[in-house]
């Protein structure tokens with residue numbers, strides 16, 4: 001009875017969020033009309049059912065849930081898992097997300113996933129219509145966990161599970177019997193990257209829930225400020241103290257300066273407190289504001305921070321941040337073929353290519369930044385200048401659309417890289433739960449080693465992880481759809497998170513929602 005009441009209360013709250021956001025969108029019809037008008041005047045018929053892809057991209061997160069699943073769970077082949085997580089250190093760490101195809105909860109990519117889901121909703125949530133409620137549920141599943149992980153002062157619980165032992169098994173999350181070790185950072189063993197990213201996630205999510213759940217929003221923001229202060233005061237890489245457990249899986253290669261700038265940018269966005277603006281203006285250069293590391297990912301946030309801070313200048317006229325328009329322009333110029341500073345590799349079929357391991361994460365994160373920056377430029381009636389070449393917001397949108405269309409099937413393989421979208425998509429993804437029989441169809445436990453027969457079998461996965469976007473093809477547009485090829489066949493939450501915003505924009509711009 002209590003569970004039913006709680007579920008009803010949560011539904012009411014989410015429904016209120018949806019109504020308030022829709023009301024906000026209706027209150028500013030000019031933006032909505034402009035988005036539709038500019039899209040329809042520049043494009044022909046829609047290449048894809050972006051609305052269907054949007055729905056599926058959000059549904060995917062339900063397949064990655066850890067913890068006690070709610071009655072509203074739509075991915076029915078999944079069951080409860082990790083119900084004693086945290087008990088090894090007498091803390092409740094039940095919930096959150098598995099990052100990819102394994103059963104470990106890595107706090108660093110989970111926080112980045114939550115930040116990017118939140119940014120997707122902040123920029124494009126007003127266009128999502130019925131999917132907005134689902135997107136907010138996906139965010140809340142992440143933030144509920146991050147609040148637990150940051151509940152103790154000057155301590156953040158950053159991982160549950162032993163990745164080496166977990167990877168030595170191939171078993172369903174519902175069956176896992178590998179150690180659920182709990183890793184933490186504190187003042188003696190700092191981890192600035194993961195602490196600052198967690199602060200960014202909480203701050204970004206506080207913006208999402210500000211209107212429809214102000215009490216939850218305040219709780220998120222209070223925690224974000226406290227966690228950021230901890231990250232900034234106790235500086236050090238978590239890859240040092242926790243190297244044996246976080247490397248090579250989510251080792252921090254870019255350092256922690258980018259996360260400090262990124263978190264400060266989000267706290268400035270969430271609070272408008274001048275202390276954060278001062279922090280950014282004083283520390284921006286030492287934190288790498290103008291470095292030419294043109295990659296945006298769970299590890300490196302510099303480019304994302306530049307684009308986010310450019311909004312404060314372009315849209316809100318925050319003068320001290322004027323230089324971030326130039327920093328963001330430099331990134332955009334690096335992406336556009338034919339500009340003097342173009343330095344991005346594309347496959348023969350036209351896919352942005354950064355590296356062979358999980359390349360699609362760079363495709364989705366870059367596409368999101370292109371569309372978001374185009375939005376800011378359009379608002380302020382500005383363009384990007386790349387040497388003597390002028391790049392318009394429409395050009396940025398076209399580049400982003402080409403990447404999303406490639407992902408959805410317009411490529412030499414004729415393959416959609418989103419599971420369950422289109423007529424041809426990966427059937428043998430590198431994902432334990434998807435590749436093994438579900439608990440409902442096979443109630444008996446599947447032990448650690450006996451599951452490996454599924455890893456190397458040639459048949460399709462029995463459970464479809466709808467909406468999962470995998471690592472994608474190689475540099476020559478080739479994809480073999482082999483389950484043991486984790487570099488190309490494994491999905492991840494941080495691949496999908498920025499794609500949610502991009503798909504919302506495209507679905508709206510073609511009148512599909």
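Just so it is clear, glycine is given a Cβ too, placed from its N, Cα and C backbone atoms.
The annotation signal peptide is assigned in TrEMBL to 1-27.
According to TrEMBL, the domain 'Glycoside hydrolase family 9' annotation covers 50-503.
Over all protein chains present, the Cβ of residue 430 (active site) has 24 other Cβ atoms lying within 10 Å. Annotation comment: TrEMBL describes 430 (among others) as active site.
Sequence-distant neighbours of residue 481 (active site) (same chain, 6+ apart, CB under 8 A from its CB) are 426, 427, 428, 489. What TrEMBL lists as active site is 481 (among others).
The active site annotation in TrEMBL covers 490 (among others). Here residue 490 (active site) comes close to 100, 101, 358, 429, 430, 431, 470, 471: these same-chain residues lie at least six apart in sequence, with C-beta atoms under 8 angstroms from its C-beta.
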